[in-house]
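Now, the feature entries from TrEMBL:
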- 29-105: repeat 'Solcar' (REPEAT)
- 117-196: repeat 'Solcar' (REPEAT)
- 216-298: repeat 'Solcar' (REPEAT)
- 1-16: signal peptide (SIGNAL)
Amino acid sequence: MAWPLLLLLMLGEARGRSAPTEPPPRREATFVRSAISGGAAAAAATVVFHPVDTMKTVLQQRGGGWRTLRALGLRELYTGVVPAAFSMMPACAVRMGAYEVLKATLLLQAAALSPGASITLASALSVVASSSVRAPLDMVKTQVQTGAAGSVGEALRIAWGRGGMAGLYRGAGLALLRDVPFFSINLLLYEKLKAAAVAKAAAAAAAEGAVPSDDVSGRDAIFIGAAAQGCAGLLTNPMDALKTQVQAGSAGGVRAAYGGLMARAGPIGFMRGAGARVIWIAPQGCVYYPVYEAVQKILMPK
């Protein structure tokens, strides 16, 4: 479901390449600045919304609906917050640093690509680059959240016992199949909505005789971030459900996870936890993107 929508977004953007909502790149992106901004934004969003991530993961693993969730205490809701934060910070730092550099390079030098295609390609490549950092730590987080391991150390021992280094990357392929469309849809929507908001604010400022700004406002970043992340999260939930089954040890691979979900719940099983995923991811956009934009602005050379 996510891949066809991503193609439609790119095709629609290509038809409207001359639209004023796609301004040319206004600055040369730097890896360090974007990496610091991405890491800070990831830390803030992860800590604030980790309990909802735990609910989503537990529902995908155990089922049971609200009866299962009511049995969770505050301590259980924050189980795994440390590996979650440490998995997201370096991964987002690498991803956003690579994304901004690749996007700027493609927009400036790849004239054959539309802006939407450049954003999508930059996002996909940056996800692949960051997966080498995120996959092992994401595995540890899932083990701890679902109760398969009681601590980070135990989770590492279990993962290593399943195949050494390969055990730490169990489910990494599924994560890529989820994360490439997720971040591509997410960033493509965010960039387009952000450009539209900036253009609208600039027009209003010009009408009042004020100097227009090429930065998105914090208020706009909150709403745009929530919309972009919520849509992307809903559309990629099936792959997230499969990934959880594999990483938690409930299935030995993609085929087994697919068969198990179909046998237990049918097609609706692939949307198990979708509500919690959207509730967790959409508000994260309200924190992640405003923090990212704010830190970028602070670190921007004067």
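Using the three backbone atoms N, Cα and C, a Cβ is placed for every residue, glycine included.
From a predicted model like this one, the values you see are computed outputs, not experimental measurements.
Over the repeat 'Solcar' (117-196), the average per-residue pLDDT in this prediction is 85. Here the repeat 'Solcar' (117-196) has, by DSSP, the following mix of helix, strand and coil residues: 68 helix, 0 strand, 12 coil. Helix first, then strand, then coil: DSSP counts for the repeat 'Solcar' (216-298) stand at 72 helix, 0 strand, 11 coil.
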